[in-house]
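*Asks:* Before we start, here is the structure in question, set down as structure tokens.
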Amino acid sequence: MHALTTVENPSARLLPGVLALIRDVEAADGHEVLEAHRWIDLANADAESLHGIAVTLDDDTVVGYVHLRRHHRHGIELELLVAPDHRDEAASIVGALVEAASASLETLGPHEIFAWVPRHSRQVIDALEGLGFRADRAVRQLRRPLPLESDHPARPIDCPPFRTFRPGEDEDAWLEVNNRAFAWHPDQGDWDLETLLARERESWFDPAGFLLAEQDGRLVGFCWTKVHAPRSSSALGEIYVIATDPERAPRGLGSCLLVAGLDYLAHHDIPTASLYVEDTNERALRLYDRFGFVVDHEDVRLVWRLPAAS
């Protein structure tokens, strides 16, 4: 068992170690860690972002990291990372991270703390459950190879034309449809203009891959794509957000938008498409199953209530 030290808000001295940990976890687990909004928080010092806590060995090797983020609807969110070659010590590392996080949050009073565990890491989940957390949500990443076959049985025969998103013009209409379509969703349903503009400032943002459907001059649906590592052999396309207006969209528009997004990614030589979906969203899961998507991995959220300070 190694001696562990917790460091709040890691300084520039430890930042390379945090980044190395992230790269190691991504290489071991095969997908990106720290969701996009957490990276944006860190880059922009977002007011909703609290801070990060690292766990180090005596030689300053970073073996664990947690990013804390205040969510106005869901208490405090944590995302925990444990170094792949130290996961046999997950109980100790996670315990140190949660203890430090709890101490830093005591002044907030009783709060629910939500911990995201990427790729359903069994060691990390066991460690959290041992501390009293319980699983309450799971998000699946689905993937399928590209291109979608021209004669694929799920490909719609007749689809309307789509246009691309116009930055500076389409934000209000898009926010209205997005928030109405995702009113039920814990993360996607309450975006505001700054949330959208922060995405537009990201290096990956490309309005050419942000497709809009209109009917009688009104926005009724969209498919927003994203490309990870676009110039590498591991390039991965993502259907980042897709939705139709629940009040106005014609039947079948969702399938047409999905195909348009897949075709856009394939046209740019992306070999694989991915998307995220709640494991309880049976309607969406049935749609993606028809198009040949399969589960790549599952991210799990666990919850624990921070007690009142004594």
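Positions of Cβ are set from backbone N, Cα and C atoms, glycine also.
Look at Swiss-Prot and you will find 5-155 tagged as domain 'N-acetyltransferase 1', backed by sequence analysis. Annotation source Swiss-Prot lists acetyl-CoA 1 binding site at Leu80, Leu81, Val82. Positions annotated as domain 'N-acetyltransferase 2' by Swiss-Prot, on the basis of sequence analysis: 160-309. Swiss-Prot lists Ile242, Ala243, Thr244, Asn281, Glu282, Arg283, Ala284, Leu285, Arg286 with the feature acetyl-CoA 2 binding site, giving sequence analysis as the kind of evidence.
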*Asks:* So for Ala284 (acetyl-CoA 2 binding site), how many other CB atoms are inside 10 Å of its CB?
*Replies:* 15
*Asks:* With DSSP helix as H/G/I and strand as E/B, how many residues of the domain 'N-acetyltransferase 2' (160-309) fall in helix, strand and coil?
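*Replies:* Helix, strand, coil within the domain 'N-acetyltransferase 2' (160-309): 46 helix, 48 strand, 56 coil.
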*Asks:* Which one of the binding-site residues (Leu80, Leu81, Ile242) has its C-beta surrounded by the most other C-beta atoms within 10 angstroms?
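*Replies:* Top count of Cβ atoms within 10 Å goes to Leu81.
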*Asks:* Using a 10 Å cut-off, grab the number of neighbouring Cβ atoms around the Cβ of Glu282 (acetyl-CoA 2 binding site), all chains included.
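*Replies:* Taking all protein chains shown, Glu282 (acetyl-CoA 2 binding site) has 10 Cβ neighbours within 10 Å.
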*Asks:* Near Thr244 (acetyl-CoA 2 binding site), which residues of its chain come within a Cβ-Cβ distance under 8 Å, counting only those 6 or more away in sequence?
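*Replies:* Spatial neighbours, sequence-distant, of Thr244 (acetyl-CoA 2 binding site): Ala181, Ala213, Val220, Gly221, Leu253, Gly254, Leu257.
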*Asks:* In whole Å, note down how far the CA of Leu81 (acetyl-CoA 1 binding site) lies from the CA of Arg286 (acetyl-CoA 2 binding site).
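*Replies:* On Cα coordinates alone, these residues lie 32 Å apart.
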*Asks:* Ala284 (acetyl-CoA 2 binding site) to Leu80 (acetyl-CoA 1 binding site): how many Å between their Cα atoms?
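*Replies:* The Cα atom of Ala284 (acetyl-CoA 2 binding site) is 28 Å away from the Cα atom of Leu80 (acetyl-CoA 1 binding site).
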*Asks:* In whole Å, note down how far the CA of Val82 (acetyl-CoA 1 binding site) lies from the CA of Glu282 (acetyl-CoA 2 binding site).
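*Replies:* Distance (Cα to Cα, whole Å): 32 Å.
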*Asks:* Taking the recorded acetyl-CoA 1 site as Leu80, Leu81, Val82, identify the other residues of that chain whose CB atom sits within 8 Å of the mean position of the site's CB atoms, giving them in sequence order.
*Replies:* Val25, Gly64, Tyr65, Val66, Glu79, Ala83, Ile93, Val94, Leu97, Val117, Ser121, Val124
*Asks:* Do you know which of the binding-site residues Val82, Arg286 has the most other C-beta atoms within 10 angstroms of its C-beta?
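*Replies:* Of the binding-site residues Val82, Arg286, the most buried by Cβ count within 10 Å is Val82.
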*Asks:* Checking the spread of the acetyl-CoA 2 site as listed (Ile242, Ala243, Thr244, Asn281, Glu282, Arg283, Ala284, Leu285, Arg286): what is the longest Cα-Cα distance, in whole Å?
*Replies:* 16
